[in-house]
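Visitor: Okay, here's the structure, questions in a sec.
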């Protein structure tokens with residue numbers, strides 16, 4: 001379910017910025033004209049050029065200022081120079097202005113006033129363009145200004161005079177008709193109002209999607225809670241449990257999933273979970289410490305009516321737990337630690353990364369940042385600058401596209417707790433405004449995110465994405481034992497992250513980029529357990545007792561990473577394949593007389609049905625995405641390998657109802673041939689979805705070839721959570737993830753050119769730490785007992 005969070009209403013959409021400032025754009029244009037090819041660029045200093053090129057640069061800047069195109073014969077090194085047709089890169093997230101235009105265009109296109117009044121806006125996102133459009137933008141209009149991305153002809157590069165207009169994709173729910181529709185809007189003149197004109201958008205298409213329910217919105221959750229709390233039979237049920245103050249009651253609406261025809265998407269439904277706080281004057285009290293059970297409520301969310309209600313069983317409220325709270329001064333008897341000294345991260349010369357709009361350069365990495373209400377953070381166009389080999393692509397698009405949380409208790413209400421937190425709700429639209437010094441440390445660049453609310457207004461989550469560098473311990477080291485001489489390098493990584501809250505749980509999503517060419521995907525899980533109440537003396541084996549009358553059910557968390565790979569592939573090329581590697585033990589015999597032999601065996605995954613695979617730690621199984629036409633210095637194909645971390649498969653039986661919608665959980669790895677529209681493993685609309693195996697499990701039935709293709713990896717990774725007492729009242733972070741690691745991609749370690757640490761002191765000694773500064777032991781009997 002969605003959570004209430006602070007958002008900032010966007011300023012007037014006509015002035016909302018979309019992309020980099022004019023000065024940055026001018027520096028970029030100058031750099032493009034100066035013919036800086038595929039190398040790393042310094043946008044603060046225009047590279048030196050000869051007189052002819054300087055004149056060309058001046059002409060380009062003048063043209064940019066006047067917005068008139070250059071003459072066709074204006075060129076540098078044979079490349080025609082064109083002005084920007086737009087100030088937003090084709091992959092930049094929609095600006096607040098663009099969202100406003102898209103909403104206004106769709107609303108104006110409603111056939112009748114009733115249709116327009118019933119429109120509710122679930123999602124407004126960028127319709128990502130074809131990869132050829134991205135290649136054009138990256139070649140001549142935006143960083144990295146890599147003209148080699150474009151196909152060549154006998155007459156030179158073909159360069160259109162402008163980029164095509166951006167488009168928005170809207171999911172619209174009509175509250176009056178219970179219909180869901182998808183609209184495509186072309187954003188022609190978004191910022192015209194700033195120049196005294198009008199906003200303009202053009203409807204390209206609109207289609208009603210039958211038999212679906214879109215994600216439930218935060219406004220619907222809030223209205224649902226109010227409806228339930230005002231329902232007289234519900235209030236009577238609360239009084240029977242000794243609850244007279246309804247302000248203490250928390251109603252968390254959950255999507256119903258699909259268990260039977262009663263959950264069909266012909267109705268928009270929610271089944272709430274109910275909790276009760278203890279204190280009316282404590283806004284940060286842990287209200288999840290007292291679940292209210294035995295009450296069954298079914299809400300028609302379309303009409304905001306309770307259509308089924310039953311007080312089935314009187315389960316006593318769990319007692320107030322003195323250890324339930326987690327705010328400062330209220331934990332473990334009200335005593336906080338006093339021996340934590342400040343730790344400062346200082347970068348006196350600033351960060352090593354450079355930014356232009358949503359384009360990032362760091363060390364030898366470059367990529368773009370995107371953001372959607374459903375996925376949250378998206379990483380586009382990942383590439384590595386590899387010396388004389390230039391900018392080498394690795395991936396087109398990386399994101400987390402779904403997560404599923406099934407619970408293992410067969411009793412009501414826990415058996416129906418099977419949340420699809422991305423598809424039923426949205427990871428991005430539940431993202432936090434991050435705080436410096438709390439969520440991220442160091443020199444930080446934040447990115448805001450713009451969303452539509454339920455009624456079509458624009459809201460902005462400030463500081464939604466955090467970009468910063470981190471020290472990550474040792475990168476490599478060797479000491480010559482003969483001479484005693486040593487070389488050591490410290491590892492630094494660039495981290496891009498966001499954090500979201502979905503009801504009681506928090507999820508933090510990270511993409512880490514390393515100096516050795518490695519990419520790590522990480523999820524950190526924290527927040528509060530979803531608890532259940534017990535009868536006096538009751539014990540339930542499907543969870544952990546937190547205190548008498550209160551227990552935490554076992555459950556699993558599954559995440560789906562979608563990775564459209566592009567290892568050494570330019571846009572338009574489909575030269576990747578996937579091999580599975582298993583380490584095998586050699587049979588005893590002539591080849592293994594010492595009985596010590598083992599070797600890595602590779603198997604090419606030739607088609608989609610063959611590429612449904614599971615992790616196997618006993619054979620060190622991993623998978624390599626290789627380019628079929630590029631080799632390293634040994635003649636082997638270049639590649640990147642997916643290295644699994646800790647993982648699991650669903651523990652529910654094969655007939656479990658939630659697996660109807662989550663058939664993709666049956667394997668850890670799926671590989672598909674890229675196809676537009678195949679974006680979410682459970683299909684576009686998993687909420688109340690009655691269709692078995694929609695999405696990934698259906699797409700692979702085509703069994704498309706993978707031997708040389710545009711490859712999409714779907715990696716499903718999960719964790720089985722058997723709760724501990726130490727997970728209460730708020731869970732310490734659990735880590736889960738995987739790594740993309742170069743495998744024959746480079747000719748040697750790309751980390752050998754990292755310079756030595758500037759503060760490396762061969763005469764090591766304590767940092768002025770004396771015996772007197774050691775913290776004295778605390779002899780607090782209360783702390784000792786706790």
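For all residues, glycine too, the Cβ spot is worked out from N, Cα and C.
Reproduced below are the annotations present in Swiss-Prot:
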type: BINDING; residues: 419-430, 502-507; note: substrate binding site
type: ACT_SITE; residues: 421; note: active site, proton acceptor
type: DISULFID; residues: 440-466; note: disulfide bond
type: ACT_SITE; residues: 505; note: active site, schiff-base intermediate with substrate
type: MOD_RES; residues: 505; note: 2',4',5'-topaquinone
type: BINDING; residues: 555, 557, 721; note: Cu cation binding site
type: BINDING; residues: 710, 711; note: Mn(2+) binding site
Visitor: If you count the C-beta atoms lying within 10 Å of each candidate's C-beta, which of the binding-site residues 419, 422, 502 ends up with the smallest number?
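Guide: Counting other Cβ atoms within 10 Å of each of the binding-site residues 419, 422, 502 gives the minimum at 502.
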Visitor: Report the member of 440, 711 (the recorded positions) whose C-beta atom has the most other C-beta atoms within 10 angstroms.
Guide: 711
Visitor: Which residues does residue 428 (substrate binding site) neighbour through Cβ under 8 Å, counting only same-chain ones at least six apart?
Guide: 371, 372, 373, 374, 375, 376, 377, 449, 451, 498, 500
Visitor: Taking the Cβ of residue 466 (disulfide bond) as centre, how many other Cβ atoms lie within 10 Å?
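Guide: Residue 466 (disulfide bond): 24 neighbouring Cβ atoms within 10 Å.
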Visitor: Consider the binding-site residues 419, 422, 557 and say which one has the Cα lying nearest the Cα of residue 710 (Mn(2+) binding site).
Guide: 422
Visitor: Please list, in sequence order, the residues in the chain of residue 555 (Cu cation binding site) that are at least six apart in sequence and whose C-beta is under 8 Å away from its C-beta.
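Guide: Counting only residues 6 or more apart in sequence, the Cβ neighbours of residue 555 (Cu cation binding site) under 8 Å are 405, 406, 407, 408, 417, 530, 721.
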Visitor: Within 10 Å of residue 421 (active site, proton acceptor) (Cα-Cα), which of the recorded positions 440, 466, 502?
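Guide: Qualifying among 440, 466, 502: 502.
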Visitor: Just to verify: the residue among 421, 425 with the fewest other Cβ atoms within 10 Å, which of the recorded positions is it?
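Guide: Each of the recorded positions 421, 425 was scored by Cβ atoms within 10 Å; lowest is 421.
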Visitor: Out of the recorded positions 419, 422, 440, 502, 505, give me the one sitting nearest to residue 711 (Mn(2+) binding site) by CA distance.
Guide: 422
Visitor: Helix, strand or coil at residue 422 (substrate binding site), per DSSP?
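Guide: Reduced to three states, the DSSP call for residue 422 (substrate binding site) is helix.
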Visitor: What is the total of other Cβ atoms whose distance to the Cβ of residue 505 (substrate binding site) is within 10 Å?
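Guide: Around the Cβ of residue 505 (substrate binding site), 20 other Cβ atoms lie within 10 Å.
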Visitor: Here's one to test understanding: among the recorded positions 440, 466, 557, whose C-alpha is closest in space to the C-alpha of residue 425 (substrate binding site)?
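Guide: Among 440, 466, 557, 557.
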Visitor: At the level of the C-alpha atoms, what whole-angstrom distance separates residue 419 (substrate binding site) and residue 557 (Cu cation binding site)?
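Guide: Distance (Cα to Cα, whole Å): 10 Å.
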Visitor: Give me the Cα-Cα distance between residue 505 (substrate binding site) and residue 440 (disulfide bond), rounded to a whole Å.
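Guide: Rounded to a whole number, the Cα-Cα distance is 19 Å.
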Visitor: What does DSSP say about residue 711 (Mn(2+) binding site): helix, strand or coil?
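Guide: The residue in question, residue 711 (Mn(2+) binding site), is strand (DSSP, three-state).
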Visitor: In sequence order, what residues of the same chain, 6+ apart, have a Cβ less than 8 Å from the Cβ of residue 557 (Cu cation binding site)?
Guide: 403, 404, 405, 525, 718, 719, 721, 736
Visitor: Sorry to bug you, but what's the C-alpha spacing from residue 502 (substrate binding site) to residue 440 (disulfide bond), rounded to the closest Å?
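Guide: Pair distance, Cα basis, whole Å: 20 Å.
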Visitor: How far is it from residue 422 (substrate binding site) to residue 466 (disulfide bond), counting Cα to Cα, in Å?
Guide: 20
